[in-house]
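Listed in TrEMBL:
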type	residues	note
ACT_SITE	His324	active site
ACT_SITE	His371	active site
ACT_SITE	Asp426	active site
REGION	487-513	region 'Disordered'
COMPBIAS	487-507	compositional bias 'Basic and acidic residues'
Amino acid sequence: KINKKKINSYIMIFRRLSSPRSFSCLRHNIRRPLLRNYSDDKCGGKDGGSDGKADLRTVVAEQVKSERARVKKFAVEKANTKIGEVTVSQIYGGMRGIPALLCETSSLDPEEGIRFRGLTIQDLYDKLPKLECGEEPLPEAVFWLLMTGKIPSKEQAKMITDEWNDKAELPDYVKKLIDDMPTDLHPMSQLSIAVTSLNKDSQFMKAYKKGLKKLDFWKYSLEDTMTLIAKLPNIAARIYRNMYRGGKGCDEIDKKLDWSGNFARMMDYEDPIFHELLRLYLSIHCDHDSGNVSSHTTHLVASALSDPFISYAAGLNGLAGPLHGLANQEVLVWIEKMRKELGSENPPEDQVRDYVQKTLKAGQVIPGFGHAELRKIDPRYTAQQDFAKVYLPNYEGFLLVNTIFKVVPPILESLGKVKNPWPNVDAHSGTLLMYFGMKEMQFYTVLFGVSRALGVLSSITWHRAFVIPIERPKSYTTEDLMELVKKQEEEEQKNSGKGGKDGDKKADKTKKC
């Protein structure tokens, strides 16, 4: 027997789904709860550790032992090997491109885009466990991959889901803290404050005060990491309900649901396709090497042995900046201005082209296009585009995004000075959220923040496993730099003159011969 609510869900699925695999899966599982069960073995990997049955802590402990020895050997043997030089322009240019940070969890290739432990986004789709009838990889599986470098089995992904569900309940003092905040306080400020308050129960700090050995730092950091990630959806959803739902809604964890499903449900989004979108969003935003503001800030603060709660709260404050986590909002604002000026929800290509050129002539950038590192289309953009093609192919917002995608790159390329004219992840994410009714743009960065925790908190654990010391780069005043450059130039001129005299002597000697 199927209740009316479930029938409506099935009708919605039949209307939207064009994927043959999903249609077939739905037909064969009509009596099962929709998108709630883990996928069969063919969707999960076999190398998650101990034949896919070992728990996370056991797998990580095994790896820490071997990786610590390998890294130590490399760091000692190649300690004085130079891997790059620093220019004055890099110092004044935001340290762009300076090779100075360690990141085990992800790497960013200019041509390929992001890789999570060596896997592309397409690899995540092909190899990681999903929910039955689902198409999107589970963030729980992505977290396992980031922590271990291995593909989890469906049982191992389920272990993460179960632990996060068990630890998701918020302490009463955190609930009261969130409820007492002004509803007009930016949601990122509320998120940072709530995360910081969890420091009260930090296992790392309690163990550290008792005299924790350095080699065991990672164990307690991992415990705090699991607690924080488990509670993040509950914190974020409570902020959302207070700000946009008058404080009403569910704050109970449904242990039959996964991490993303519970997050969506606590924000009052019951549409199973929105749950799928959230799995996609939380997976592809989870990590982007260690050079971005939120990741680097988290590492910097954690290097002082601050606990994961305080460290990630600092990272969230960096993420809240307009040049980092607010980019997808700027895309939507720009699109809405275009629609208003052109008088159409989906203006034709020629009008969009004229508006783009007008924006550029006004000295403004096209939000959502270009990237500091990438030189191709952001694969995270492509993943969202593919999602939209399946679930909202006729949505005017999606059609307009596609038109912008056709129009903007050729125009930027014609300027001759744009290194990357292609769309990044922010060019698409806001449109998808809008389609499902989440129109509160201020909250989009909170979703980003929940996702990014997976990557940066994994990195903290590994940095402590390697006993990475406190970060302390060298700084200069402008006068120091000028003096340094002056001495260097004088030394080069001196060597050049000396080389010239030596060259003359050699020439004379050759002539005599």
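Cβ coordinates are placed from backbone N, Cα and C, and glycine is handled just like the others.
Between the active-site residues His324, His371, Asp426, the minimum number of other C-beta atoms within 10 Å of a residue's C-beta occurs at His324. Taking only the Cα positions, the spacing between Asp426 (active site) and His324 (active site) is 10 angstrom. Each residue contributes its Cα atom, and for His371 (active site) and His324 (active site) these two points are 11 Å apart.
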